[in-house]
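Data block below; observations after.
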Amino acid sequence: AAGADNDLYINQAVVFIEDAIQYRSINHRVDSKSLWLYRWYYSRICQWILGLTITIILALAFIETPSSLTVTSDIRYRLPPWDPPCGLTESIELLCFLVFMIDVSVKSYLIGWEEFRKTKWLMAYILTLIVSLADWIVSLSFFCTENVRIRRILRPFFLLQNSSMMKKTLKSINSTLPEMASVVLLLAVHLSLFTMFAMLLFARTKDGQQDKEWVGYFRNLPDSLTSLLVLLTTANNPDVMIPAYSKNRAYSIFFILFTVLGNLFLMNLLTAIIYNQFRGYLLKSVQSSLFRRRLGIRAAFEVLCPLKETPANAQELYVSVGDLFQVLQKVEMDSRCKRAIMRSLKTCSCDRLSAAQFQKLFEELDKDAVKQHPPSPEYQSHFMRKMQFAFGHPYFGYLGNVVALANIVSICVVLVMDADKQPSERDDFFLGAINCFFILYYLLEMLLKILAMGLKRYLSYPSNRFDGLLTGILLILEIATFAVYGFPHPGWRPELMGLLSLWDMVRLVNMLIVFRFLRIIPNMKFMALVVTTLLDLVKNLRAFAGILVVVFYAFAITGIMLFKGAVVPMGNIRKNVISWLSSITFRLWLFTIYVIYLLSFNLICRWAKTYFVAWWLISSVIWVNLFVALLLENFIHKWDRRCHREPLSDIEYQRTVELMFRDVLEEPTEEELMERLHQHPHLHLCR
């Protein structure tokens, strides 16, 4: 029995540490069977299956009716899309629902009834599944002929609820809405006042020839409001003011004042408020993540304490180093962190750890991920050492940048000279020759760098991997060109032969050469700072991008249901633009402003204004400003670190969103941790 208890305590500590690593809540069942089920549920294979299921159910919209998954989006020329038989996509959907039901059942069981009642996300999960299954049954009963499928709009919820960071981000956005609403209200007041001024300024007169502004933009209140709303997006600027400006130049003052107050002041004020408020709420969210990590580590310490015989009069509890070794061998964690913790334990002179020592040991999880480059090879030959010094020097890299710039300039000169020539008149000898010369230089440069740095050190730099990959592709394309068409010679002209024409191959080589010029970015410190900021956003803000996918998907499905069949191939060319609305693949982001502009011409139902205005408010006004806020925060954070720490040439620092705010977070006190542990619904501590 004692051995079974010891194994249980070890497994509890393993799970609690894994919870701390992933910032998960520890409020779940801790008996042996539940711990096994918990680790199985959060295993890579189970989470991969769940992620694949979410991807499949979201991707069904691309083949479901109505679908326009065709090469062209123009309804005049595209072929009829594939119409899957009734029951095919529904069967796939049912399998996805079964996976989701297993998912919610396991989650509900593991946290217990008391925690389940407090978890609104799980209750919403169950409600979404019930509504989706009911709608699925209705769909089959109508033999898949119904036009409205509610479950399609609910699908993004499955993506949303599966990410804890996404839910935290959404909660932060929800908390920011009251402050944003005040500025949006001020924006609405600004819009309403200028609408009334516009209707007074551009009222109908007796002379119909002078009423072009009234006829086109300010005929009535809805048209006036729409025209100025579109002007706020600058989509109809300067078209909206041209008739009035042609009549009297003084009318431009009205439009200038509207644009300056709306775009320069109110919209930027909204960005400032969102940055200030959202950063504060996101900081609170990250603070709670830190508390979860500290709580998980402390919970692991508390369950390991009974394994160490402690005197009855001891004032402090301890954990055996040997027991911690057993735990670490079972824990699924980053190999770098595990090696660092193991190394610290081996160098520790004591055989037991206090709570403070135990917690400090796992602070390795909070540190920057450090990547140290391998050392350069050591040559015995004096000549080789001189070559290593010459070709490993930064000046050799600068020379390569100058050569790359010369390559770009030469390509630009050739393109300008051949811009007006017919394909039959074009001679590709010069372009082929200079491409051959520069590609040979790039190959020689890569080989010399490998000689100086060694292959492992060369490949440890992302810029070198990028450079080497493109050089290899360029070399393969050049060899293929020579094999098919021979070496460059006067009169070398494009001819169709095989899969690609000569001009296509040369053009592809030139595009890669232009792309290769990005190698200069690491050598320009300020540009490198900007680029690394953007890359960090791409890598770390998956939750933010996930919510963006949710918004796009929901509006796309709603647009399909609202505007399906509203446009026929015949008619005004402007109507053909609206045909994008009948497709899941229509580009909401790119065409939103133009479609709002078309609304002022009453090409579609007036109720569509509500749809597009809501889309503009959520995507452009709110979401873009939120992205700008996080971009500013990330950039300012990197800039501050750059000012306070000199960059080391052989070390790269990689940071997550949580580590972005690490310097301003507060450590939880021991009293707070113990109070929360004693509130655990399934864990009963001895003290």
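Placed from the backbone N, Cα and C atoms, the Cβ positions cover glycine too.
Copied over from TrEMBL, here are the features:
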- 54-278: domain 'Ion transport' (DOMAIN)
- 396-635: domain 'Ion transport' (DOMAIN)
- 45-63: transmembrane segment (TRANSMEM)
- 122-143: transmembrane segment (TRANSMEM)
- 180-203: transmembrane segment (TRANSMEM)
- 251-275: transmembrane segment (TRANSMEM)
- 395-417: transmembrane segment (TRANSMEM)
- 429-448: transmembrane segment (TRANSMEM)
- 468-487: transmembrane segment (TRANSMEM)
- 499-521: transmembrane segment (TRANSMEM)
- 541-563: transmembrane segment (TRANSMEM)
- 584-604: transmembrane segment (TRANSMEM)
- 610-632: transmembrane segment (TRANSMEM)
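The highest tally of CB pairs under 8 A with the transmembrane segment (180-203), across 45-63, 395-417, 610-632, is held by 610-632.
Listed stretches 429-448, 468-487, 610-632 were compared with the transmembrane segment (251-275); the greatest number of C-beta pairs under 8 angstroms is found for 610-632. Contact count against the transmembrane segment (45-63) (Cβ pairs under 8 Å) is highest for 541-563, out of 395-417, 429-448, 468-487, 541-563. Taken as a whole, the domain 'Ion transport' (54-278) shows an average pLDDT of 85 in this prediction.
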